[in-house]
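Per TrEMBL, these features apply:
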ACT_SITE  Glu102  active site, nucleophile
ACT_SITE  Glu106  active site, nucleophile
ACT_SITE  Glu106  active site, proton donor
DOMAIN    5-216  domain 'GH16'
CARBOHYD  Asn110  N-linked glycosylation site
SIGNAL    1-27  signal peptide
Amino acid sequence: MVGMDWFKCMMIMMMVWVLSCDEAVSGAKFEELYRSSWAMDHCVNEGEVTKLKLDNYSGAGFESRSKYLFGKVSIQIKLVEGDSAGTVTAFYMSSDGPNHNEFDFEFLGNTTGEPYIVQTNVYVNGVGNREQRLGLWFDPTTEFHTYSILWSKRSVVFMVDETPIRVHKNLEDKGIPFAKDQAMGVYSSIWNADDWATQGGLVKTDWSHAPFVASYKEFQIDACEIPTTSDLSKCNGDQKFWWDEPTVSELSLHQNHQLIWVRANHMIYDYCFDATRFPVTPLECQHHRHL
């Protein structure tokens, strides 16, 4: 009986642990972390799903209620279905001001049947022009997929369904600036960009398919919240967070293999190899791995 009671107790403890883990990884409600930032009538909450709509009157966007310095932000997105040519859906982190830092996911719409392209970009001290583009290995319009940005003092990692697709390392020891001293908000938006988004602007938005709708759920921000943007000591001091651990801020062997696979099979464009735009290879490209 004693053994049976011990077994039952262990089973109950395991069930409680599993339930608590499920609660920890589940997303927050939209209004707990975010608010509409423009065109509020085009930002609609339907239960656990928030939708941003684009029509020939307006796009829409939302922003986080707080700003952060380092951590991980994730969101599940189902992109615009059908003919989405000319549209851009963005999920990104950004600080304020002309010398801002920014980490971008930009999903470039396309004509029906053509693959969606995701563009990533990194701005440091107001300087961007670090675009990479790849084709996704699934249809992002039929189901929700998770897009994440993991930001630590060592690197910025862009992930799709936890698969790393880009790593931007801290190369300050090489004299290259890194985004580490500006708090960032988290944002998403949808807008018309048919002057460049699809085949370089050759394919325009067909407004007969409007409204174009991007859907969101599972809102997660596990990051160091900044009480005021002028005081970064809470997040940039000696305190260690989980994202500072080498096992987290450095890719594992499996993740390295995933990144190499993504680049080998799905990379469409990398600014590091664009000799027309950059006759001299950008300095960070000379030091980043997986090139």
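For all residues, glycine too, the Cβ spot is worked out from N, Cα and C.
Put simply, Asn110 (N-linked glycosylation site) is 25 Å from Glu102 (active site, nucleophile) when counted between their Cα atoms.
Within 10 Å of the C-beta of Asn110 (N-linked glycosylation site) there are 21 other C-beta atoms, taking all protein chains into account. Taking the Cβ of Glu102 (active site, nucleophile) as centre and 10 Å as the limit, one finds 18 other Cβ atoms among all the protein chains shown.
The 10 Å shell around the Cβ of Glu106 (active site, nucleophile) contains 19 further Cβ atoms across the protein chains shown.
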